[in-house]
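**Q** I am attaching a structure below and will ask some questions about it afterwards.
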Amino acid sequence: MTATWIAMLPHLAHQAAFGALAAAGFGVLFNFGWRTLAWCAVAGALALAVRTVVQQTGGSLEAATFAAAFVTSFTAILALRWLGPACNAVALAGCIPMVPGAFFGQAMLGYMAVAADTTGSSTAQIVAASQAFVRVLSIVGAIGAGLAIPAYLLKSRQF
Amino acid sequence: MTMIQPDPADLEPIHPYSLARISHVALQAGAVLAQSGASVRVVHEGARMVAEGLGVEVLGMRSGYASFEITLARGHHSFTRMIQIGPHGVNHRLDFAVRELLKRASRGDMTPDAIEAELKRLQSDTPRHPPWLVAIATGAACAAFGRLLGSDWLSFGPVLAAASIGQGVRHLLLGRRFNVFVVAAIVGCISAALGGLGARLIGSSTTELAMMASILLLVPGVPSTNAQTDVMDGYPTMGSARAVTVIMIMVFAVTGLWLAEFVLRIHT
């Protein structure tokens, strides 16, 4: 068991590091202040670490995404003392690297290819594109629910 | 756009501010919050804080994607006014600076003029990261996305450069008030083409992933989660409008990607 966890560490560190970079990068785009940007990076690392661990232990991508968003939101609200009302925004920035833009692209490109197909043999492509689209909906839903549930349960203040 | 109605409360000298004046300030505060990426609940709470701080009761508010409406009451008089909401964006520092202002306004020791002046000052003076830094940071985020999606190290540099250029182009075009969906298609095409071409020239084996990662700067992450929050908070109209906007932006971004694939002769 310990060996499995040790073997997982490089991949976990990789995912957390790039999750942090993606969250901080988008934090700059969203005009977060420098201090909050550091928290965004921490939130991104936490979200991707949790998602990776859940996936590595057999969870689906959707379940892992929900767990990651939930833990990130919960932790950010617990860190209210340091983050202030910005805790919800920091949690959201941390979850941005999990937004399934690539799946949406795959789905749309798949549908475009199906539309252009004249041979009538595009059943597999329709299924793949539809599957990608369903994954977009379920992952976005998982992020939204994971972020919102702790905020409602803990009555996180907005001002 | 505002609808001006006669305000009977103006005739009551005991009140220093008219309902029209208060509604205008409350709507302005709400509009700035909405344009900065706040959820409808925050927008309504902010406007309510201003109005109640100035001593009036809020009878109701309604937020659409492009307009915001408020009805105020004082005694037997009520007043309804609407304001237009400009382009939706995300500006965290402005959002939270306005929230701080509204907290002060809710204590009742600020005049409408002072609140309005402070709102204007915040809009012009709240610091923004310089465009070159935003471009590089966005490029780095997309390159990180590429790694998370499984693209190889060789494509990291091309994706970073392509997405940075794409963000620069987006900044220029949006600054010239081009349509946001058209901009998504143009930036999607430019970023994907540059990312794919760069990755191919450098010998990457994940050219398609590099193209996909290069357009991820266009994914509207905040509006997509705000859409759900708005629906959960009981504002399905605004939530639906945000969701449709997210889908439209992604459709146009992928159209740009598809064009780039056509130009580079890459078949998925």
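Note: Cβ is positioned from N, Cα and C throughout, glycine not excepted.
Per TrEMBL, the features are:
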- A:16-151: domain 'Threonine/Serine exporter ThrE' (DOMAIN)
- A:12-30: transmembrane segment (TRANSMEM)
- A:37-54: transmembrane segment (TRANSMEM)
- A:66-83: transmembrane segment (TRANSMEM)
- A:90-112: transmembrane segment (TRANSMEM)
- A:132-154: transmembrane segment (TRANSMEM)
**Q** Which stretch from A:37-54, A:90-112, A:132-154 shares the most C-beta pairs under 8 Å with the transmembrane segment (A:66-83)?
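**A** The stretch with the most close Cβ contacts to the transmembrane segment (A:66-83) is A:132-154.
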**Q** Give the mean pLDDT for the domain 'Threonine/Serine exporter ThrE' (A:16-151) on the 0 to 100 scale.
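**A** Here the predicted model's pLDDT, averaged over the domain 'Threonine/Serine exporter ThrE' (A:16-151), is 94.
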**Q** I need to check the long-range neighbours of the transmembrane segment (A:12-30): which residues 6 or more away from its ends have a CB within less than 8 Å of a CB in the stretch?
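**A** Cβ under 8 Å, 6 or more out: 36-38, 40-49, 51-53, 56, 93-94, 96-97.
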